[in-house]
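Undergrad: Sharing the feature lines straight out of TrEMBL:
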- B:56-239: domain 'ABC transmembrane type-1' (DOMAIN)
- B:311-501: domain 'ABC transmembrane type-1' (DOMAIN)
- B:12-35: transmembrane segment (TRANSMEM)
- B:55-79: transmembrane segment (TRANSMEM)
- B:91-111: transmembrane segment (TRANSMEM)
- B:123-144: transmembrane segment (TRANSMEM)
- B:176-199: transmembrane segment (TRANSMEM)
- B:219-238: transmembrane segment (TRANSMEM)
- B:271-295: transmembrane segment (TRANSMEM)
- B:315-337: transmembrane segment (TRANSMEM)
- B:349-371: transmembrane segment (TRANSMEM)
- B:377-402: transmembrane segment (TRANSMEM)
- B:423-449: transmembrane segment (TRANSMEM)
- B:480-501: transmembrane segment (TRANSMEM)
């Protein structure tokens, strides 16, 4: 069985339960992102996988080799798991080249060549080899940390919020470059982040963590469009939740009546929509199925505005917050139509 | 992130800073003048003789062996108390700092009375390691705490076993702290007088004092002092070379994690025994010896009509010296924080360089200065205070620099915009905020003065009898029981030093 396999991992710190039984499978060569609010236990999980700390219970295996759970735990320096930490943790007393070559044998005659190749691979100019970590920018430091971890050709790569210290522009570019590199080398990867956009764009599989448990694990698109509960829905992006009722294969809410999955139990539920599924238009241009409402608030945000719309069919609900192009120039008090695009998703009442 | 603009140095501060720097250089200048006046033939006759050779060998062996011993011992202890599961690590940490409260010559007195046959190099090594290893232990612990455990995690993920990870990822980052501590030990060894007299081991410093006592201010004493200065400069060079020019900026800022402690396992009991032995030797021997003499002496040795004045004089001298030294260091401290540059570096360097010189050299220089240039100053309290100020300038400078750096320069600029002159802004704003740190610095200086023996003996006016002088005189007459109360008071007075130093080396302290 290749890839990473976690079963029932538990860890408590004093009276605080950091991990309350975690199961996860990361197929060999794939990328998994663990996402969750700060304090949810994701960094603890990463440290257990790396072997910096040991679980209280559970089983941990990599490519069929049991690292924890049978016999003595394998110490971190024998796991061959690469780690890139949040701040890089570059050794301040070593040059860039010595940092990258840290895990390679110093007697290896091909060491210098390997280091040069890795610098090239992560996009660092060769002229930087003798610089000190404090002379590098944040993005360059993270590239050095990645090259250092890649040097030993790890069977698993752990990334602990490695992009969070970078500027917004640099962040996306670095993330894409790292994802492409890891995919090309077919290295099994686990990324920990609190940034949902990063998790969704980086990984083949996303696991949402909350209070020491995985709430849902799946493909990014699945999780985004079909979250299991309101927490997952809200964590992965803006979500509009409306009270609704299921009956006879239909779901009914303030925005109208939609087809429901036949397997859904009848009764009260919640309807989830992503803001991009809602289209605002003038009453005159509205399609037949649209609901009507009144604009009660506008906040200008450049290319798009957020308008608040109170639905005529449900004036007691909090106004819907919808994103519209600024050129539409809506006014407060204006009557608008709201149409729903695409399938709706039903959640249990939270 | 404060950007210091190049502004003109306010003459009100630059003048005093320069004056203090020149005054600090005065003693060594007079030693140099005396040597120069002696002329070539006399110099070579006085320097190239077997006696100087013996002293050089003694001093080189002492420094060359004791400093590495102190550094490796302190590193091992720091690792034990910070990174292992040694039972009672916090208590041991205090036990390893306590020797700081025992003046070196009291340590020497304790060992000389416990084992009167102790003498020569092995005895000198034993007692000086016991007296001085905390000077390395303290910065080593502080540095070890500052190092993010993430570095060891990173090294482990790159395939290094725990010991290799410590050696290759942590040890290099401790180098600055270990070198600094080692330098301090080396300079103390070069300057120490009382300890080596007690243990009957000749160094340059003991020889200079002997020479001074027998032939007063002759060229021979100055010549030896010249060689001693060269030894100090050599030591400074060696330390700078080992330390290297690099500074380690900490990369990034991860959340600090509690450090995993290594299990000692079966080694626990042998290690506990070794720690106990060390504490017994470094703290137990002086305390037990002292206790024994106090019991033997009974109430007869508590002669308050001589103890009282000695304590009073010591306190007055220490406080006056502490205040004077802090004031003298103020202009240079302000300049080094606010106006970094080459001029400031030179002024600062002359402050600290002279402080690295042994008290015997400073005292000799001041005696020469008083006799030749200002006879009215000879054997006055003022000269003695001047010597203290020169000797302890670095302590005051470091404390002041740290606390002035805590005051944002913007506050001084606001004060200026509200009509205060630079000096008034410094006094009413910066100094007000820096006051606690400055006071701690003054106390550190005062504690140093309270235990100072060499320069005090050479410079004190007739009638002066500090605790250290009285202790020295009585133990010199082999009246060990009568000397004991003085030693006890000096140790009690020094206890705050341990607490202060420990607090200053906490992470996050200025």
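The backbone N, Cα and C atoms fix where each Cβ goes, glycine too.
Just so you know, TrEMBL annotations never went through curation; they're auto-generated.
What's the neighbourhood like for these features in this structure?
TA: Within its own chain, the transmembrane segment (B:55-79) has Cβ neighbours under 8 Å at 92, 96, 121, 124-125, 128-129, 132-137, 140-141, 144, 166, 174, 178, 181-182, 185-186, 189-190, 201-204, 207, 224, 227, 231, 235, 275, 278, counting only residues six or more beyond its boundaries.
Long-range Cβ contacts of the transmembrane segment (B:219-238) within its own chain (Cβ-Cβ under 8 Å, at least 6 residues beyond either end) map to 28, 31-32, 34-35, 37-38, 42-43, 46-47, 52, 55-56, 59, 63, 183, 186-187, 190, 204-205, 207-208, 211-212, 353, 356-358, 360-361, 364-365, 368.
Here the transmembrane segment (B:271-295) has long-range neighbours at 73, 77, 80, 86-87, 92, 95-96, 98-99, 102, 106-107, 109-111, 113-114, 130-131, 133, 264, 301, 480-481, 483-485, 487-488, 491, meaning same-chain residues at least 6 beyond its ends whose C-beta is under 8 angstroms from one of its own.
Sequence-remote contacts of a segment are chain residues at least 6 beyond its ends whose Cβ falls under 8 Å from one of its Cβ atoms, and for the transmembrane segment (B:423-449) they are 10, 12-13, 317-319, 321-323, 325-326, 329-330, 334, 388, 391-392, 395-396, 398-400, 402-404, 406-407, 411-412, 415-416, 493-494, 496-497, 500-501, 504, 510.
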Undergrad: Excluding the flanking five residues on each side, which residues at least 6 beyond the ends of the transmembrane segment (B:377-402) place their CB within less than 8 Å of a CB in that stretch?
TA: 20, 23-24, 26-27, 317, 320-322, 324-326, 328-330, 332-334, 336-337, 348, 351-352, 354-356, 359, 362-363, 366-367, 369-371, 434, 437-438, 440-442, 444-445, 448-449, 452, 455-456, 459-462, 464, 504, 509-510
Undergrad: Given the transmembrane segment (B:123-144), which of the listed stretches B:91-111, B:176-199, B:315-337, B:480-501 has the most Cβ pairs that are under 8 Å apart from it?
TA: B:176-199
Undergrad: State the non-local partners of the transmembrane segment (B:12-35) in its own chain: residues 6+ outside its ends, Cβ under 8 Å from one of its Cβ atoms.
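TA: Distant contacts of the transmembrane segment (B:12-35): 43, 217, 219, 222-223, 225-226, 229, 328-332, 334-335, 343, 346-347, 350-351, 354-355, 357, 361-366, 368-369, 372-373, 386-387, 389-390, 393, 421-423, 426.
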Undergrad: Are the transmembrane segment (B:315-337) and the transmembrane segment (B:480-501) near each other by the rule of at least 3 C-beta pairs under 8 angstroms (pairs 6 or more apart)?
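TA: Answer no: the transmembrane segment (B:480-501) and the transmembrane segment (B:315-337) share fewer than 3 Cβ pairs below 8 Å.
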Undergrad: Between the transmembrane segment (B:349-371) and the transmembrane segment (B:91-111), are there at least three Cβ pairs closer than 8 Å, leaving out pairs fewer than 6 positions apart?
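TA: Answer no: the transmembrane segment (B:349-371) and the transmembrane segment (B:91-111) share fewer than 3 Cβ pairs below 8 Å.
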Undergrad: For the transmembrane segment (B:91-111), what are the same-chain contacts with Cβ under 8 Å, counting residues 6+ beyond its ends?
TA: 77, 80-81, 118, 123, 126-128, 130-135, 137-138, 141, 188, 192-199, 275, 278-279, 282-283, 285-286, 289-290, 451, 453, 468, 471-472, 475, 480, 483, 487, 490-491, 494-495, 497-498, 501-502
